[in-house]
Every structure is written in structure tokens, then in C-alpha cells.
Amino acid sequence: MVSVMNTVDTSHEDMIHDAQMDYYGTRLATCSSDRSVKIFDVRNGGQILIADLRGHEGPVWQVAWAHPMYGNILASCSYDRKVIIWKEENGTWEKTHEHSGHDSSVNSVCWAPHDYGLILACGSSDGAISLLTYTGEGQWEVKKINNAHTIGCNAVSWAPAVVPGSLIDQPSGQKPNYIKKFASGGCDNLIKLWREEEDGQWKEEQKLEAHSDWVRDVAWAPSIGLPTSTIASCSQDGRVFIWTCDDASGNMWSPKLLHKFNDVVWHVSWSITANILAVSGGDNKVTLWKESVDGQWVCISDVNKGQGSVSASITEGQQNEQ
């Protein structure tokens, strides 16, 4: 049974939409409809407010930590159509970059595997996905996939950095031949897989269909050394699917229904070992699921989140924006 280890009083003045631990598990970033992003030191069960970041002009939907090899960097996205990248310098958090290239609410941000460099994917209600790549000297290159999801994009998630056709490291001194991929979920009820071509452009590689309503979240499972790719998806239709691909070409994906919930499912998140999936929904619970030896997914724990639906107002905001 899972127990609550710590409770953090964020002092946000409105609904909290996301909370993310950093790479080392010592800092917690939160964001809220009060337009703020907060960072706490949560070591040893404590909670010390490190930063209260103000820069957005609307509800902040999501935050994402970059890998620490690039420093202490946090991205946030908002209903105000902006993505802000924050960086800690000499103990002080400041805005280092602002991306205002979308025409509607930006709903999701996700950093690419650190092997690729500092790259951020951003999904928006305008249907586009933008990719921000740090090129040095404070400069960011922007590429945009227009009409990625015709009615709006709700979620983005990168595939792990794996060299195609190989389960071992590249020879010493040889640069790995990574193929960059990520998944997106949208209001067209679809999950789409994207791949970077040799010319640097992004191409739709696959379209996964199983949901009957808006896809709310997608999560590409971490690589554990097996020649299998796995993606979890959840939807307004209350269903969670586990998609697997054992095909070397990456084209043959098979969905398995994990569970049909009685309410919308907002978020899915994998454990670092990819054997446990956390599911958060409108039923005010977080459930943990594990695949049994016979291939069936079993609920191993559920935690009641308390009174109120944690993500209810996200729907209202995104629907109004559209």
C-alpha cells in the first residue's frame, strides 16, 4: 500500500495544475491558476520556498525540469499562449527565454532526452507543436509542426534515446546515431508519433486510434534495454491504453486496455523502471498499475487525492480558448 510521505502547503491562491520533482528528488515545482510557478526545497521532509516565479498572464498548466547537466532549468506553459524557460543563476531564478509563437493556450511542455541537447517540445490548443532547441549564447531555434492535431494538442512526450537496432552502446568515440521521436495526444482523439528526418524536419510517422474522446495525456515509457517501445495514453473517455511495439521498423503498435474508469483520466506517468504506471483522474484518486506475469495489468494501490477534482478547471480553460 502506498502512503503519503509528505504534504506541501504551497500557498497558491488558486487551483494547482501540476507538480514536478527535479532529477534528484530534492526540489518540487508547482504551478497554478494564480499565474505563478513556485519552487520548494523538500529535502528531509521539509518545505522551503526557494522561488515564486511571476511572468505568466494566465493559468499555468504544466512545468518541466530539464536535465541537471544543463543547470537548474525549468519550463512552464500557460493559457496566456506563452512558454517561459527559467534558470537559476547564483541562487536566483530568472526568466531566460520566452516563447510566444502560439495563437492559443499552450497545454504541455516536455524536455527531450539530454542526449539530444536542450530541446523542448510544446503542444498548444492552436493545433501546433513547437520545438525549441538551444543553440548557445542565449539563442533558441524554433521549429513548428502546424496542424499536428486539428482541434488542439493536449500532451507531448519524448521517446527515450535508443540507438535503432542495437541494445548495446556505440563503439567508444563514435557518436550514437539517435533517431529523435516523440508522441502527442490531441482533441481529435488521436495519438500521433513524430520522427525527425535527416533534413531536420519533423514528419508524422504513425497515427494511433483507440480513444473515442479527447486524448488528455501520453507517456512514453523509459527504456529498460528491451527491444520494445511502450506508450501509455489516457482520455476524456475514461480509458487508459497501453500501446506496445516490438517491430524494429516501429510501425506495428498494438493497444491493450488497462482499465475503463468512470470519469475523465487526466494524467499517466511511468516509474523510472517502466514497470509501474500511475494514473490520475476525475475520480479524485491516483492509482498504481503493474503488469502481471500473464500480461494483465493489475491495480496495486490507490490513493484518494482528497476533496475536489485536481484538474477540473483545465477543461474549462482550454475549451474557452478554443
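Placed from the backbone N, Cα and C atoms, the Cβ positions cover glycine too.
Among the features that Swiss-Prot reports, N-acetylvaline is placed at Val2. The annotation repeat 'WD 1' is assigned in Swiss-Prot to 11-50. Taken from Swiss-Prot, the feature repeat 'WD 2' applies to 55-96. Taken from Swiss-Prot, the feature repeat 'WD 3' covers 101-144. According to Swiss-Prot, the repeat 'WD 4' annotation covers 148-204. The phosphoserine annotation in Swiss-Prot covers Ser184, Ser309. Under the heading repeat 'WD 5', Swiss-Prot lists 210-253. The repeat 'WD 6' annotation in Swiss-Prot covers 260-299.
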Residues near Ser184 (phosphoserine) in space but at least six apart in sequence (CB under 8 A): Gly123, Ile129, Ala148, His149, Cys153, Ala155, Val156, Ser157, Ile191, Lys192, Trp194, Val218
Helix-strand-coil residue split for the repeat 'WD 6' (260-299), DSSP-based: 0 helix, 23 strand, 17 coil
Predicted model, mean pLDDT over the repeat 'WD 5' (210-253): 92
Structural state census, the repeat 'WD 1' (11-50) (DSSP three-state): 3 helix, 21 strand, 16 coil
Cβ-Cβ under 8 Å with the repeat 'WD 5' (210-253): same-chain residues at least 6 beyond its ends: 154-162, 164-165, 167, 181-187, 189-191, 193, 259-270, 272-275, 277, 279, 281, 297
Composition by DSSP (helix, strand, coil) of residues within the repeat 'WD 3' (101-144): 3 helix, 26 strand, 15 coil
Helix-strand-coil residue split for the repeat 'WD 2' (55-96), DSSP-based: 3 helix, 24 strand, 15 coil
